[in-house]
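Input: a single structure, listed below in structure tokens.
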Amino acid sequence: MQPRTPLVLCVLLSQVLLLTSAEDLDCTPGFQQKVFHINQPAEFIEDQSILNLTFSDCKGNDKLRYEVSSPYFKVNSDGGLVALRNITAVGKTLFVHARTPHAEDMAELVIVGGKDIQGSLQDIFKFARTSPVPRQKRSIVVSPILIPENQRQPFPRDVGKVVDSDRPERSKFRLTGKGVDQEPKGIFRINENTGSVSVTRTLDREVIAVYQLFVETTDVNGKTLEGPVPLEVIVIDQNDNRPIFREGPYIGHVMEGSPTGTTVMRMTAFDADDPATDNALLRYNIRQQTPDKPSPNMFYIDPEKGDIVTVVSPALLDRETLENPKYELIIEAQDMAGLDVGLTGTATATIMIDDKNDHSPKFTKKEFQATVEEGAVGVIVNLTVEDKDDPTTGAWRAAYTIINGNPGQSFEIHTNPQTNEGMLSVVKPLDYEISAFHTLLIKVENEDPLVPDVSYGPSSTATVHITVLDVNEGPVFYPDPMMVTRQEDLSVGSVLLTVNATDPDSLQHQTIRYSVYKDPAGWLNINPINGTVDTTAVLDRESPFVDNSVYTALFLAIDSGNPPATGTGTLLITLEDVNDNAPFIYPTVAEVCDDAKNLSVVILGASDKDLHPNTDPFKFEIHKQAVPDKVWKISKINNTHALVSLLQNLNKANYNLPIMVTDSGKPPMTNITDLRVQVCSCRNSKVDCNAAGALRFSLPSVLLLSLFSLACL
């Protein structure tokens, strides 16, 4: 820009302002122009005049003071805006606040465009009134009111004025809207006679940035004459909020050996101030790095984006050589584009140097020794390894494999998750007499694959020598269990079998003795020398100690070792049934009426403890020697039931009827049981057995009980 250009601009600006103010003959307090659009130059030069502002309080501007929202500009007493230092960027908006004892107002300067200024002077300074545009045909004239936040006492203070050139006499101004008669109430008020608008308290832009009010004129009775007309109150931002990091904790990870410039994480802060101003324009930097080894500048943060990247060579990002793989960075965010006057906020970024599998595990020695008693199982030795990688990752965790010497799968190896040791275990008992020594070859690897330039070497295998110790093993019965089948009526003293137990310790030449361990019914005896088992009582298949025709007994074989060892053998005796149990009938009591038309007395059932064919079909008979043939009758229903009936009615009394039942065994077995029949008086649906000394059961009840018994078989 030429040196004479500011002067020409100021003259042009003054002429335009004069033309603008000439639209109204009455003086309106405040800036004659509320909004300016200024093209951004390549650089604002110190003490360079940028533009002239025209402010009037209509009373001579006594004690006029200006305040600028940016600390890098000021307004001289003549209204000239100048830069206090050379500066290339100031943000998007500046605000100028003018105040006298009689009036105050705010002007907005919008910075637009690029660095090169082209076009006419009118293109450089574009004047615009924010309201009203275009000018409306109405008598109420309002302009937006700009009020800085955080103003101090005294209150109330005038912040603007409403003009109505055609207002009738005795009419009044009325102000409504949020902040007046709506919550938050009472912030603004208007002088009903003069139209002066005042604020009653300190404003906070971060609570409400714009108040939308309405102005109208009313008569003395409150009736609206004109309006409502919108009145916008804009709260001008002050830099009163520090940047805040709201998304913590901030934890980033970077793989060891990563190339320079690797992005680790992004940290951004929030500033509650106006994002259109430098008050919320943030810049980031690293204030502190802990630890500061091997370089105090391991990381860099993009001042505008907040991206944290590595700035050291991959060799310095070696997790195994670092004193601590965790770095803590104090990140600072500063508003005002990072200028010294800006407010700051800090947060901690924790960066972990993650491990990769660049070290293979190595056994601490080439050979390990172990001893184990024959017959024992469990862990016999722990194999130790070393690995420089991170103990919390699969790059450190070991996986062991038996690659030779385990054809019978008698051994297994697992990793101890706490120590990373290989726990070698015996899972199938070893036999000293078969093999007293075993040699295993063990391989160790990591859970994660190694990086391409690292491989497993000879130190990743080890040999384990295992010595099996001889112990006195108990004798072993063969077969086990031992099974025999005998009839249940086997005579006492009969030999069932001869048991056989052998001593696994064949080299010790020990003797074996036998004894009974469990014989629930007390039926058996065993010869302690030769193991012959015979009976000491009659075997009974129906005994409660027999389960499903099988009797179980246990025997001991004891060797002559010191101390002696014991083996246990099981004998299962299957008992064959013989016809040694007579059948029995049920029920044994019945009732019948003395005048019954149905002469059926009871349905009898029979049961037998023996097994088929020594049970049904049963034969039912009335013992004829004790009962007259012409009174009672028994008829077969099926193989297990028969019907007892009368051939004629009997007087009330108790009768004992001998019933003879015979099973189908060879030879058959017979049982005679008395059936007690009570003949009762049955009158008017009442059964009376008192005269007969009988129980109170009716014939239908007896028949029903008999049928139920039949159904249960």
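Numbers here mean position along the shown chain, with the first residue as 1.
Cβ from N, Cα, C; glycine included.
What you are looking at is a predicted structure, and each value in this text was computed from that prediction instead of being measured.
Mean pLDDT for the domain 'Cadherin 1' (139-245) in the predicted structure: 92. Marked as domain 'Cadherin 1' by Swiss-Prot: 139-245.
Look at Swiss-Prot and you will find 246-363 tagged as domain 'Cadherin 2'.
Here Swiss-Prot flags 364-477 as domain 'Cadherin 3'.
According to Swiss-Prot, the feature domain 'Cadherin 4' maps to 478-585, an assignment based on sequence analysis.
Taken from Swiss-Prot, the feature domain 'Cadherin 5' applies to 584-694, supported by sequence analysis.
Feature annotation from Swiss-Prot assigns N-linked glycosylation site to ASN52 (among others). ASN52 (N-linked glycosylation site) carries a strand DSSP state (E or B).
Secondary structure at ASN86 (N-linked glycosylation site), taken from DSSP and collapsed to helix, strand or coil, is coil. Long-range Cβ proximity for ASN86 (N-linked glycosylation site), meaning a same-chain Cβ under 8 A and a gap of 6 or more residues, is found for GLU43, PHE44, ILE45, GLU46. Here Swiss-Prot flags ASN86 (among others) as N-linked glycosylation site.
Taking Cβ-Cβ distances under 8 Å and a sequence gap of 6 or more within the same chain, the neighbours of ASN382 (N-linked glycosylation site) are ASN416, THR419, GLU421, GLY422, MET423, LEU424. Annotation comment: Swiss-Prot describes ASN382 (among others) as N-linked glycosylation site, evidence class sequence analysis.
If you look up Swiss-Prot, you'll see ASN500 (among others) marked as N-linked glycosylation site, on the strength of experimental evidence. Non-local contacts of ASN500 (N-linked glycosylation site) by the CB criterion (under 8 A, 6+ apart in sequence, same chain) comprise PHE477, TYR478, GLY531.
According to Swiss-Prot, the feature N-linked glycosylation site maps to ASN530 (among others). Around ASN530 (N-linked glycosylation site), the C-beta neighbours below 8 angstroms that are at least 6 residues distant in the chain are THR498. DSSP classifies ASN530 (N-linked glycosylation site) as coil under the three-state reduction.
Look at Swiss-Prot and you will find ASN598 (among others) tagged as N-linked glycosylation site. Around ASN598 (N-linked glycosylation site), taking its Cβ as the centre, 12 other Cβ atoms fall within 10 Å, counting all chains.
The N-linked glycosylation site annotation in Swiss-Prot covers ASN638 (among others) and rests on experimental evidence. Sequence-distant neighbours of ASN638 (N-linked glycosylation site): no residue of the same chain at least 6 apart has a C-beta under 8 Å from its C-beta.
Swiss-Prot lists ASN671 (among others) with the feature N-linked glycosylation site. Classification of ASN671 (N-linked glycosylation site) by DSSP places it within a strand.
If you look up Swiss-Prot, you'll see GLY693 marked as GPI-anchor amidated glycine, on the strength of sequence analysis.
Sequence annotations record features per position, and here Swiss-Prot assigns signal peptide to 1-22.
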Q. Relative to the Cβ of ASN671 (N-linked glycosylation site), which residues of the same chain, six or more apart in sequence, are found under 8 Å away?
A. ALA582, PRO583, PHE584, ILE585, MET660, VAL661, THR662
**Q.** Pairwise Cα distance for ASN52 (N-linked glycosylation site)/ASN598 (N-linked glycosylation site) [Å, integer]
**A.** 135
**Q.** Tally of DSSP helical, extended and coil residues in the domain 'Cadherin 2' (246-363)
**A.** 9 helix, 48 strand, 61 coil
Q) How many other Cβ atoms are found within 10 Å of the Cβ atom of ASN52 (N-linked glycosylation site), counting all protein chains shown? A) 18
Q: May I ask you to report the DSSP-based helix, strand or coil state of ASN638 (N-linked glycosylation site)?
A: coil
Q | ASN382 (N-linked glycosylation site) in three-state DSSP notation | A | strand
(Q) Please list the DSSP helix, strand and coil residue counts for the domain 'Cadherin 1' (139-245). (A) 0 helix, 51 strand, 56 coil
